[in-house]
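**Q** One structure follows; several queries about it will come next.
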C-alpha cells in the first residue's frame, strides 16, 4: 500500500487530522471576532470607520452579516470594548503557551496516551461549554482553558502520532492530513452553523473522533515505553498494534534506549544551543507570519466564507506541492523550502505595507497578494 500504510496507521493519521482540527480553534477568532462593515443611514456607504459607528444616533446597519459573532453579541466593535476582541485571541494563545509547557512535561513523565486523552477530553468539553457562556467574562475564561488543552494536544498528540508512524509516512501526514484540511473543516462547520454558540458546539463534537480513537484503538506508544525500560508493556503495545493492523506480530530486537537530555543540558552545549536558538527563531517568525495572516483574514474584502475556503485550499495545496518537490527533486531540501517560502512571505508583507501606506485602493490586487501570502505562510 502507498507509504506502507496499514489499517492502524490510517487510524493514527485520522487521529492527527482531527487533533489538528481541534487545534485550529487557535484561529477561531476569525469567526468569533468577525464584524462586517456598517453605516448609520441608508444614503451612506458601508465603512469600517469607528468614528461613524460611535457618532451614530440611530440604529447601525451592518452589511451582510455572514456570521453572528461574539464580537457582535457583546459589542466588541469600536471604542474601549473593541479591545476584548483582541483579548479573546491573546488569552487563548497564552493558554496554548502554558499548555505546551505543562503537557509536554506530563507527556514525558506519565506517557503519551494518558496525556493525549486528558488534553483532548478537557479541550473538547470546555470548547463545547464555551458556547454556553452567559457573559463575555466567562467566555474569555473558558477560551483560556481551551488554549491550554490545545497546547497539550499540539505537543502530546503530535509526539504520540510521530512515534506511531514509520519515517516514510510523515510526508504523507504533511501532504494529506494537515492544517489546510483542518482549517477547511472549521470553515465549513461555521458556514453550516453561522452563529458563534452553535458553531462552538459543532466544532467540539467534530473533534470527538480523535479522542475516541485514542481511547478505544491506540495503545501507549512503544517508543515511550521502551525509553522507560518497560519492555513487557512495550511488547504488549506492539502486539495490539499488529492486531489492529491485521498483520502478524514479529518481535523486533530494539537497541538500548538512550537517556534523553534535559533542556539545560542542551543549552550548556554551545553547538546545540545555537541550533536550538535558530530553530526557535524560525518557528517564531513562521508562526508570526502565519497566524497574523490568518487572524486578520476576516477583514479582507469579499465573502467571508469564500475567502476562508480559498485560504484553506491553498494551504492544503502547498503541502501537496511540498511532498511532490521533496519526492521528485532530491536537491530541494527542507532548508531551502523554509528559506524560499519565508522570503516570499516577507516580500508579500513588504508590498502590502507599502501599498497601504500609499493608500493603494485596487482591492483585487491586495486580495490576491493576501492569498499568495497565506499560501507560503504555512508551507
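Glycine is treated like the rest: Cβ placed from N, Cα and C.
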**Q** Check each of the ranges 175-194, 235-254, 255-274 against TrEMBL and return the one annotated as transmembrane segment.
**A** 175-194
**Q** Return the average pLDDT for the domain 'Major facilitator superfamily (MFS) profile' (9-379) as a whole number.
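**A** Overall, the domain 'Major facilitator superfamily (MFS) profile' (9-379) comes to a mean pLDDT of 87.
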